[in-house]
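*Asks:* Sharing a structure here in structure tokens format.
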Amino acid sequence: MDEAIDKRAEMMGTARVPSAIIKLAIPAIISMAVMAIYNMADTYFVSISPEGYLGTAAVSVYMPVMLITQALSILFAAGGAAYLSRLLGAKEKEKAGRTATTTITLSFLSGVLVAVLGCIFAKPLLLALGASEGTIGLALDYALVMFIAAPVQLTNMAFNNLLRSEGSAVQSMTGMVIGAVLNIVLDPIFIFTFQMGVLGAAVATALSQVVAFVILSSNYWRKKTIAPFRLKGFRFDREIISYITRIGSSTFLTQLLAAVGFAVINVCAKPYGDAAIAAFGIVNRIQFLGFALVFGFAQGYQPVAGYNFGAHKFDRLKSAMGFGIAVALLIGLAVTLLCNFFAVPMMTLFTTDAYVMEIGVPALQWFTAGFTITAFTLIMMMTHQAFGKAAGAMILSISRQGVCLIPTVIVLATTQGLWGIMISPLVADIISGIIAVVLAVRIFKYIKITKEEYALGLLNPNEEQ
């Protein structure tokens, strides 16, 4: 079994670069896409429940909280995964094991913290995020169940990222896909058969996450991983925690600022009624499917880039970057075209309310207009993570979701009204895309210089930059 595990890791450094990336990316894309689809299924079943668009609005109000929870999980999961792939490339298996244990433990403890604080402050939090008198009860039903499930949700994210980073993409995909499919099956049962409405959607989601947890964790207790999870004799290592949080902080900020951006959109849309909040909620669910495709591909790309950086294979690294950027751009373009040409049928899947459609159709077209730029920015952020260059990754993460999007939404919503909210993501994409191009030029120069210095024995690429 050890030989098979070693071959799995070596694949990232010896197989044809496109083949290695695709082999890791396809399970990640499937996993992310299924997760996005089951999120959309939640919205779909809630939208046709007796609660109607009020139920959709209630779930949409909770979405920023969901993104914040995911942001916290990604802080450890993405940082731990990026570090793990570099350690495996450098043949430091013992430290890789401690990194995996640290990542999983921190994720679970963070989930417990989210559960406690979330249950205590749920109502004022949801009201601040745009819940109205008509939706606060439904939003509370949904949120409280999701908060209780937070420890499992955060730990699943750690399992998923760590397994993929060591080349176990299929194992990573299996648990997430089974959990997501189960969620889709349970949704109508709890919502309609048991007549639980929005609460039923939350219960279905929580149960599916527990099943995914059992499947993903089995890879560790059955000892089928390269980097094992061992609590015996385990102590937190400040160096590992520092590195994980530094590298993961960029993705964490991306998700956190996405949550803030979504909350700002909800608050700005609130004067236009619950129907407007429902419309933007549906748009974001659809948009998330496109984001999942790009992010899934990027998750297959990152371990290959990180492994070859750690193994000093610079030619393979450069090939990985070229292939990664090209495919990400194609996915982004496809999302833009599909969402613009098929906006009406996409929105019709979730609502027949005339006012929701009137807002949702143009919003979907504008929100996805700059998706090619979004894809490029994301792949460059993952590249900086793979290299351990936290500063560049941080700049890219906060540029689109924070520095650009949030002020843009506020200013344009104030001056242009509802239309201003719709065009804000495109404006933010253009600004952040310019920043991404500048950093891309710098990173290619960095590869060239580092390759020359390493050839002369002047630099160890595994040292922190």
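Cβ from N, Cα, C; glycine included.
Dumping what TrEMBL says about this protein:
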{"type": "TRANSMEM", "residues": "21-41", "note": "transmembrane segment"}
{"type": "TRANSMEM", "residues": "61-84", "note": "transmembrane segment"}
{"type": "TRANSMEM", "residues": "104-130", "note": "transmembrane segment"}
{"type": "TRANSMEM", "residues": "142-163", "note": "transmembrane segment"}
{"type": "TRANSMEM", "residues": "175-194", "note": "transmembrane segment"}
{"type": "TRANSMEM", "residues": "200-222", "note": "transmembrane segment"}
{"type": "TRANSMEM", "residues": "243-265", "note": "transmembrane segment"}
{"type": "TRANSMEM", "residues": "277-298", "note": "transmembrane segment"}
{"type": "TRANSMEM", "residues": "319-343", "note": "transmembrane segment"}
{"type": "TRANSMEM", "residues": "363-381", "note": "transmembrane segment"}
{"type": "TRANSMEM", "residues": "393-413", "note": "transmembrane segment"}
{"type": "TRANSMEM", "residues": "419-441", "note": "transmembrane segment"}
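For each feature listed, report its degree of burial, its nearest neighbours and the pertinent distances within the displayed model.
*Replies:* Taking Cβ pairs closer than 8 Å, the transmembrane segment (61-84) reaches residues 96, 99-100, 102-103, 106-107, 110-111, 114, 118, 125-126, 129-131, 135, 139, 142-143, 146, 150, 153-154, 157-158, 160-162, 164-166, 227, 240, 243-249, 251-256, 258-260, 262-263, 266, 277, 281, 284, 302-303, 306, 385-386, 388 in its own chain, all 6 or more past its ends.
Note on the transmembrane segment (104-130): residues 61-62, 64-65, 69, 72-73, 75-77, 136, 139-140, 143-144, 146-155, 157-159, 162, 220, 229, 231, 234, 236, 241, 244, 263, 266-267, 269-270, 277 of its chain, located 6 or more positions outside it, place their CB under 8 angstroms from a CB of the stretch.
Cβ atoms under 8 Å from those of the transmembrane segment (142-163) belong to residues 31, 58-59, 62, 65-66, 69-70, 72-74, 76-78, 80-81, 84, 100, 103-104, 106-108, 110-112, 114-115, 118-119, 122, 125-126, 169, 171-172, 175-176, 179, 198-199, 201-203, 205-206, 209-210, 212-213, 216-217, 219-220, 225, 227, 299 of the same chain, restricted to positions at least 6 beyond its ends.
Away from its own ends, the transmembrane segment (175-194) comes close to residues 30-31, 34-35, 37-38, 41-42, 45-46, 49, 156, 159-160, 200-201, 203-205, 207-209, 211-213, 215-216 of its chain (Cβ-Cβ under 8 Å, at least six residues beyond either end).
Within its own chain, the transmembrane segment (277-298) is flanked in space by residues 21, 25, 28-33, 35-37, 39-40, 43, 47, 53-54, 56-57, 59-61, 63, 130, 135, 262, 265-266, 269-270, 324, 327-328, 331-332, 335, 339, 346-347, 350-351, 353, 355-357, 359-360, 363-364, 367-368, 371, 374-375, 378-379, 382, 421, which lie at least six positions past its ends and keep a Cβ under 8 Å from the stretch.
Within its own chain, the transmembrane segment (363-381) has Cβ neighbours under 8 Å at 250-251, 254, 279-280, 283-284, 286-287, 290-291, 294-295, 298, 301, 324-325, 328-329, 331-333, 335-336, 339-340, 343, 346-347, 393, 396-397, 399-400, 421-423, 425-426, 428-430, 432-433, 435-437, 439-440, 443, counting only residues six or more beyond its boundaries.
For the transmembrane segment (419-441), the list of distant contacts is 265, 268-269, 280, 325, 362-363, 366-367, 369-371, 373-374, 376-377, 380, 384, 392, 395-396, 399-401, 404-405, 408-409, 411-413: same-chain residues at least six beyond its ends, Cβ to Cβ under 8 Å.
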*Asks:* Could you pull out which residues elsewhere in the chain have a CB under 8 Å from any CB of the transmembrane segment (393-413), counting only those six or more residues past its ends?
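*Replies:* Long-range Cβ neighbours of the transmembrane segment (393-413): 247, 249-254, 256-258, 260-261, 264-265, 268, 374, 377, 380-382, 384-385, 420-421, 423-425, 427-429, 431-432, 435-436, 439.
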